[in-house]
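Chemist: My questions will all concern the structure given below.
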Protein chains: 2
Amino acid sequence: MSKILTEVLSANQGYASTFDKGHLPLPPARGFAILTCMDARLDPAKYAGLSEGDAHVTRNAGGRASDDAIRSLVISHKLLGTQEWFVIHHTDCGMELFTNDIMADLLGQSLDTATIDASGWHDVGKGPGSADGKYINWLTIKNQEQSVVEDVLRIRNHSLVPKYIPIYGFIYDVKTGKLVEVPDAMKAGSPL
Amino acid sequence: MSKILTEVLSANQGYASTFDKGHLPLPPARGFAILTCMDARLDPAKYAGLSEGDAHVTRNAGGRASDDAIRSLVISHKLLGTQEWFVIHHTDCGMELFTNDIMADLLGQSLDTATIDASGWHDVGKGPGSADGKYINWLTIKNQEQSVVEDVLRIRNHSLVPKYIPIYGFIYDVKTGKLVEVPDAMKAGSPL
């Protein structure tokens, strides 16, 4: 068993040993959902003050409003009753460090982890790579404020999203732990 | 400002006031990633023992290996160095409570939150609905063990996923807080 697997299962044993949340109902008690980035430095439960049972948390690379994120949000409202949604990107996001072309080129060389330095990305893997990286939109980010506005707008304008749901747009600052409002996103996400 | 927005920002102010994680680097310190469900009762940081900076956490409705989840996992390994992945579904998942047809029918009637009782789902919204729900695969689940195996296999067989990454399959029990191994998924996710 790997070190990581052992550690995770040991931590889980500790959590389960004092677990007292077995009674919680399925629908989120506080009736809201957060879409945010998978970044390891982000703990949405901590930065937004969530206890188990409070809110849905959807995460992907960038916290982007992908079709899959929208699938999750529509289920969250339609079947499980959430009435307010947050889109939260963050400073120093990995999605700002590459482009679709860079990712396709790197994967074309090898599937192994690449390295980055001041001159850019370098593939150091042994290969073989795969051309399939060209067929994926990696949803990279040029500007965080702009990506939050874009994603809030995409959700706002989706045909399966009710016009009355407020969608809030924020950037989480990884240096300070603060949620910083994106005014244009708040405007874009206002109920219609 | 809504009650929820006020509460989230107030909780965030508390978190930021004692924040001491501003130095963390972007790549996950413990080099692994978790794909799990958005369910409100799941707190992956707690159930798997994660501190800020430790691991990537990707979440969607069901914890499914959607194209978007695989996009996130490939970025996680290729650019940010994770070397082990967990797929963690859970008991009493909302994704077991409906089918693609049920969701399309409900959305066709209205976009508002539906209710469920012993006789099934009922749409109580005012409409109008949208036919667009028919064009989405909602990735529902019939059997949790089977869905974990399927998703681990889908990731294992993806052309952009290196054969050497172990993919672990678990079910989180919402009644006990325990991670329960899915043996067939562990086998399916073994390095090749």
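Glycine is treated like the rest: Cβ placed from N, Cα and C.
Keep in mind that what you see is a predicted model, and the values were worked out from it rather than measured.
Per TrEMBL, the feature Zn(2+) binding site maps to B:CYS37, B:ASP39, B:HIS90, B:CYS93.
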Chemist: Can you name the residues of this chain that are 6 or more positions from B:HIS90 (Zn(2+) binding site) yet have a C-beta less than 8 Å from its C-beta?
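Modeler: Long-range Cβ contacts: B:THR36, B:CYS37, B:ASP39, B:ARG41, B:LEU42, B:GLY63, B:GLN144, B:ILE171, B:TYR172, B:ASP173, B:VAL174.
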Chemist: Residues with Cβ closer than 8 Å to the Cβ of B:CYS93 (Zn(2+) binding site), same chain and 6+ apart in sequence?
Modeler: B:CYS37, B:ASP39, B:GLY62, B:ILE141, B:GLN144
Chemist: Could you tell me which of these binding-site residues, B:CYS37, B:ASP39, has the fewest other Cβ atoms within 10 Å of its Cβ?
Modeler: B:CYS37
Chemist: Which binding-site residues among B:CYS37, B:ASP39, B:HIS90 have a Cβ sitting under 8 Å from any chain A Cβ?
Modeler: B:ASP39
Chemist: Starting from the Cβ centroid of B:CYS37, B:ASP39, B:HIS90, B:CYS93, which together make up the recorded Zn(2+) site, report each further residue of the same chain whose Cβ lies within 8 Å of that point, ordered by sequence.
Modeler: B:THR36, B:MET38, B:ARG41, B:LEU42, B:GLY62, B:GLY63, B:HIS89, B:THR91, B:ASP92, B:GLY94, B:MET95, B:TYR172, B:VAL174
Chemist: For B:CYS93 (Zn(2+) binding site), what is the secondary structure state per DSSP, taken as helix, strand or coil?
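Modeler: DSSP assigns B:CYS93 (Zn(2+) binding site) to coil.
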